[in-house]
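Database features (TrEMBL):
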type	residues	note
BINDING	H119, D142, H144, D146, D250, D252	Mn(2+) binding site
COMPBIAS	337-347	compositional bias 'Basic and acidic residues'
REGION	325-347	region 'Disordered'
Amino acid sequence: MALRGPLRRLLRTQLNNTCQSRAHSVAVLGAPFSKGQKRRGVEHGPKAIRDAGLIERLSNLDYPVHDFGDLSFQHLEKDEPYMNVPFPRTVGRANKLLSGAVSNAVGAGHTTIMLGGDHSLAIGSVEGHARQCPDLCLIWVDAHADINTPLTSPSGNLHGQSVAFMLKELQNKMPELPGFSWMKPFLSAKDLVYIGLRDVDPGEYDILKDLGIQYFTMRDIDRLGIQRVMEVTFDHLLSRKQRPIHLSFDIDAMDPSLAPATGTPVNGGLTYREGIWITEEIHNTGLLSVMDLVEVNPALGASREAVASTASMAVDVIASSLGQTREGGPITQESQTLKDDTEQLRL
């Protein structure tokens, strides 16, 4: 189901007051955190993305931008592994703090951009969003499924288990980790779509199949084309009910030739045009409410150019999700409506 013309205009009127389309203002939250995995440097991701011109780029769009700076996270001196999971209390505390910050930003009416940091931060970001918008849906753009449990994870790293904390269907398969007593699962498997998968662990594959989760691997994108992938994504998530979208975008979804400065790069990723098409189409629904951009790691760039390329890619992805077009200007509601109506006349 492609969301175009009159249908898109209808969608903009169907959200409730708290979670309605919020292209009125943008809140940027930095989350300089790295304990969800073992490689140092990803905590500098928010600074690298800002230094690449994010705030200036967003300020050229049609709405005010509020940069609320970086959250300050405490790292516990004594945080022993639980099972094979490192730093569970530190990660749990960080996500509780982030959840509150995201909830406050969404409650204030902002489209919220969370800059990571590693992908374990999505636990708090999506949970905080769900406090305000319990009917949200989640689009997870990533080379990895991040749906391991502590029982299936080969590494134990929590950035590879984020989605498992959210899903109601996995509640009985998740041990009670110290640091996470503040949250309960809140998302149904039917409200999740993955795009860009190409490095899925065996335990994750079983979970995806058992729960019937909609996902698109890079092979699927090659076979169907990114336009059809997005049409099926929206049909799956929005045909029953129009609701806020949470976009969680790991920069390693992009091909390493475009975004090399990241912790777990995997060859054969999204092209520039595919990545931007995803975010442009999400913007065009008028339903984007919160976006995570995670796993930019300046310490892992082989050169300054590699770091700059990765951070620039992150800025482009964020800006296009908020209306920056490849023609060079922002998409306004009026200009998009005119374009859609013109396209329908041509049809």
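Placed from the backbone N, Cα and C atoms, the Cβ positions cover glycine too.
Apart from H119, D142, H144, D146, D250, D252, the residues listed for Mn(2+), the same chain places the Cβ atoms of W140, A143, A145, H159, G160, A253, T264, V294, E295 within 8 Å of the centroid of those Cβ atoms. Counting other C-beta atoms within 10 Å of each candidate's C-beta, the binding-site residues H119, H144 are led by H119. For D252 (Mn(2+) binding site), the count of additional Cβ atoms within 10 Å of its Cβ stands at 29 [all protein chains shown]. Within the same chain, residues at least 6 positions away in sequence whose Cβ sits under 8 Å from that of D250 (Mn(2+) binding site) are H119, V141, D142, A143, H144, D146, T262, V294, E295.
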